[in-house]
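**Q** Next up is a structure, given as structure tokens.
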Amino acid sequence: MTAVTDGLADELRLLAADIAQEAGALALRRRAEGVALAATKSSLADIVTEADREVEALIRSRLAAERAGDGFLGEESGAEQGASGLTWVVDPIDGTVNYAAGFPAYAVSIAVVQGEPDPDVWDDVAGAVFAPVLGELFTAARGGGAWRGGDRLRVSEAPPAGALLATGFGYDPSTHDGDLAAVRRVMPLARDLRRIGAASLDLAYVAAGRLDGYFERGLKPWDFAAGRMLVREAGGVVERAGSASDARRMIVAGSADLVRDIIVRAMGDP
Ligand code: LIP
């Protein structure tokens, strides 16, 4: 079991940032050449492109070369246990629908965590979210704060006019009614609502204070591993609301007060 010192956490932050930027550059090149759909996954709307697979393969091989004993949990190529107690949790292109449609809001999301590869119990070590079109890199290391480039990030307090919130919707059409009902219940807290289409960026923007809060049901660990760490290191709170047996538990991020208010409304009676 690797002992994670502050120095190692920061080293892994820089490695995550380096690989995320290399992976982002590959995604950008492939986008310029045209997007080829490789398959659909949970539903027809849940697409994977050839680039998702190629970018994840690049990240995986870079990590295998640099961090041979670590485990891996990736959106496209699954899980592999390591011997070091550290696991890399990777979404090669978060915001695949944006990527395929030509919207700039997509990102490479890379986190490294310690302990069981279960987001309810793992300890954050380091993470990076890189949006190649937007040219923005967000990073965090355990206890070392969250950063956009060289600027330290801090979550906002929602202003009196109401919170600027973001949310997202699952790919499965049968989940839309429930997602919309949650939006309706939370809306009284909001000044306005965004649907950016990439959970890692929603969370990075909460960390940066651009958004006051974010909530979404049904995210997978790779969607939020790095972003959740950014929010926490920026002084915010990220909760998973609902019972552990619910595969569509809601992620709620923001300041402690706002997260509490969102959960009370979102989980209330319709
Ligand atoms: C997607 C997101 C999006 C969310 C989807 C999905 P993908 O990740 O980040 O914002 O609403 O449910 O998880 O599939 O593009 O990596």
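Yeah, the Cβs are placed from backbone N, Cα and C, and that goes for glycine too.
Curation does not apply to TrEMBL; its annotations are automatic.
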**Q** Hey, TrEMBL has Mg(2+) 1 bound by Asp91, Asp94, Asp223. Any idea which of Glu66, Glu75, Glu116, Glu239 it lists too?
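**A** My reading of TrEMBL gives Glu75 as the candidate in that site.
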**Q** Going along the chain, which residues six or more apart from Asp91 (Mg(2+) 1 binding site) have their CB under 8 A from its CB?
**A** Gly74, Glu75, Val108, Ser109, Ser200, Trp222, Asp223, Ala225
**Q** Tell me which of the binding-site residues Glu75, Asp94, Asp223 sits in the most Cβ-dense spot, judged by other Cβ atoms within 10 Å.
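**A** Per the Cβ count within 10 Å, the most buried is Asp94.
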**Q** According to DSSP, folded down to helix, strand and coil, what is Glu75 (Mg(2+) 1 binding site)?
**A** coil
**Q** Compute the mean position of the Cβ atoms of Glu75, Asp91, Asp94, Asp223, which form the recorded Mg(2+) 1 site, and then list in sequence order the other residues of that chain whose Cβ is within 8 Å of it.
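**A** Nearby residues not in the site list: Val90, Pro92, Ile93, Ser109, Ala199, Ser200, Lys220, Trp222.
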**Q** Restricting to the chain of Ile93 (Mg(2+) 2 binding site) and a gap of 6 or more, list residues whose Cβ falls under 8 Å of its Cβ, or answer none.
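**A** In sequence order, Ala27, Thr49, Ala51, Asp52, Val55, Tyr99, Tyr106, Ala107, Val108 meet the Cβ cut-off.
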